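Trainee: This is the structure, below, for whatever I ask next.
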Amino acid sequence: MKFLLTTAFLILISLWVEEAYSKEKSSKKGKGKKKQYLCPSQQSAEDLARVPANSTSNILNRLLVSYDPRIRPNFKGIPVDVVVNIFINSFGSIQETTMDYRVNIFLRQKWNDPRLKLPSDFRGSDALTVDPTMYKCLWKPDLFFANEKSANFHDVTQENILLFIFRDGDVLVSMRLSITLSCPLDLTLFPMDTQRCKMQLESFGYTTDDLRFIWQSGDPVQLEKIALPQFDIKKEDIEYGNCTKYYKGTGYYTCVEVIFTLRRQVGFYMMGVYAPTLLIVVLSWLSFWINPDASAARVPLGIFSVLSLASECTTLAAELPKVSYVKALDVWLIACLLFGFASLVEYAVVQVMLNNPKRVEAEKARIAKAEQADGKGGNVAKKNTVNGTGTPVHISTLQVGETRCKKVCTSKSDLRSNDFSIVGSLPRDFELSNYDCYGKPIEVNNGLGKSQAKNNKKPPPAKPVIPTAAKRIDLYARALFPFCFLFFNVIYWSIYL
C-alpha cells in the first residue's frame, strides 16, 4: 500500500514539473513574438487604423502598406544606380601567413526608390530618420564583398544600422561591419615590399541590367590617420576602379573596388633580423685571429655562428607563408649562413695544413736554415764549449761544482772560505750538515744533492711548428671575408632598396 502511494505521489510531481516547464516555454515564445516587428504590409487594417492620421507613423504606414520589398525599384525599367562610399574606422595589419587583412568600416549605400517619396502633406525635414527594424521592410541591394573571408555585423548596444528616407525617395543606409579580406601578397621584395590590397563590392544576384554600383564622387573612401605596426598607408595612395565581372550562363555583374597601397616599414626587420645576423657573421671572423692550433676555441665559435644563423632561418620560415619563390630576406639569410659556414670550412683547411707531416718537416727545415743564416748555428755552439773542445760550458761547470761541493760544510767559516754571498742570508739555527757549500739543503743519504735532480729534470715540451701555408690562409681570410661580405652588401641593398 505504501509503495502504491509513493508511486502515485512521484507521478503527480513529475506531471506538475512538466506542466510548469511547458508554460515557461510557451511564455518565452510569446515574449519573442511580442518583440517581433511586423512591416505595415503585414499588419491588419485594425492595427493601422489605431495610428493617428497626422503622425509620422501613419505616413510610413501609407508608404509601406502596399510596398513589396521583393521587387526592385524601376522594375523592368532602367537599372538602379547605387552610390557607394566607405568610412574606415580601423585598419588591421596584414597577416603574411594567411594573406589577409581586417578592417572595420561604415558601409554606406544610397539609391532612389520612387515608391518611398514622402507625401506632400509631410511637414518636417527633408530626411526622415527611421528605426533600423524597418530596414528589412525595404528593398535593398544584394551587395557582398567578393574577396571576403569572414564578416560580421555589430549589434552592441543596438544594431549598428542607420536608415534615412529622403523626401524625393532617396534611401541612405549606413551599417558598421568588421570584415576579413583576402590579399594575395607578392613577397619577392620582403621585407622591403609594397603590397596592394583590394576591397571588391559586387552584386550577388542582380545583373548589370538591374543594378549598378557607382563610387561616390569626390572622396568615396574616407580614411583618417591610421597608424599600422608594420605598414604605412596614405590617403593619396588609394585607388578606385571598376571590376564588373562576367559569369558564363548568368551574365555581367556590377562590381567596384578600392585598392590600398601599403608600404612595409623595414625598421623592425633591421633591428630584429639584419643587425643580429650581420653581427653573427662578423663574430665568425674572429677565428681568423686565433692561433691555428687552438681548435678548442675556433671550432665552437664556428659551430655557434652556423647554428645561430640556421636557427634564425627556421624561426622566420615558420612566420611566413610557404611560397615557392625566393624572398629578399631569404637571400640575406642564405648569404649569411654561407659566410658562417665558409669560416668553419676555412679552419678545416687550416687544420689540414697544420697536420700535414711534409709541410711540418719543411717548416722545421726552413726554421733551422733561417737560424743558421742568422748566426745561431755553429758559432753559438763553439762559444758555449770549453776551449773549443766540444764540451758544453754548463756541463763542465756543473761537474766542477759537484766535485767542490761533495763535502758538507760544517761551519760558517767553510762557507766564508768559499766566498759565498749567501752566508748572511742563512738562518741562525740552521744545521750545517744539511747544507752544501752553496748554502742549499741536501739529502743526507744522497751526496749528489739537487745537482743530480736538475740533470734528471725533463726539458720543456717544444712549441708546435705551424706551417707557413696555414698562417697564410688565415692572413688571406682576414681580408677576403670582410671584402666579399661588403661587396655582397653593396649589391644586395642596391637591388632591394
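In case you wondered, yes, glycine gets a Cβ from its N, Cα and C as well.
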Trainee: On the question of membrane sidedness, does Swiss-Prot record L316 and D293 within identically named topological domains?
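Mentor: That fails: Swiss-Prot puts them on different sides.
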Trainee: Pick from C243, C313: the cysteine that Swiss-Prot pairs with C255 in a disulfide bond.
Mentor: C243
Trainee: For the transmembrane segment entry in Swiss-Prot, name the matching range from 169-189, 211-231, 295-315.
Mentor: 295-315
Trainee: Can you tell me the mean pLDDT for the topological domain 'Extracellular' (23-268)?
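Mentor: Mean pLDDT for the topological domain 'Extracellular' (23-268): 87.
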Trainee: Look over the recorded stretches 269-289, 295-315, 328-349 and say which has the most C-beta pairs under 8 A to the transmembrane segment (473-496).
Mentor: 328-349
Trainee: Which sequence-distant residues neighbour the transmembrane segment (295-315)? Criterion: at least 6 residues beyond either end, Cβ under 8 Å.
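Mentor: For the transmembrane segment (295-315), the list is 273, 276-277, 280-281, 283-284, 286-287, 333-334, 336-337, 340-341, 343-344, 347, 351.
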Trainee: Cβ under 8 Å to the transmembrane segment (269-289), counting only same-chain residues 6 or more beyond its ends: which ones?
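Mentor: Sequence-distant neighbours of the transmembrane segment (269-289): 191, 297-298, 301-302, 304-306, 308-309, 312, 316, 329, 332-333, 336, 339-340, 343-344, 346-347, 474, 477-478, 481-482, 485.
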Trainee: Sort L307 (site 'Important for obstruction of the ion pore in the closed conformation') into helix, strand or coil using the DSSP assignment.
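Mentor: Looking at the DSSP assignment, L307 (site 'Important for obstruction of the ion pore in the closed conformation') belongs to a helix.
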Trainee: Given the disulfide-bonded residues C197, C255, which one has the fewest other C-beta atoms within 10 angstroms of its C-beta?
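Mentor: If we count Cβ atoms within 10 Å for the disulfide-bonded residues C197, C255, the smallest count is at C255.
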Trainee: Counting only residues 6 or more past its boundaries, what in the same chain has a CB within less than 8 Å of a CB in the topological domain 'Extracellular' (316-327)?
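Mentor: Residues packing against the topological domain 'Extracellular' (316-327) from afar: 96-99, 185, 187-190, 273, 333.
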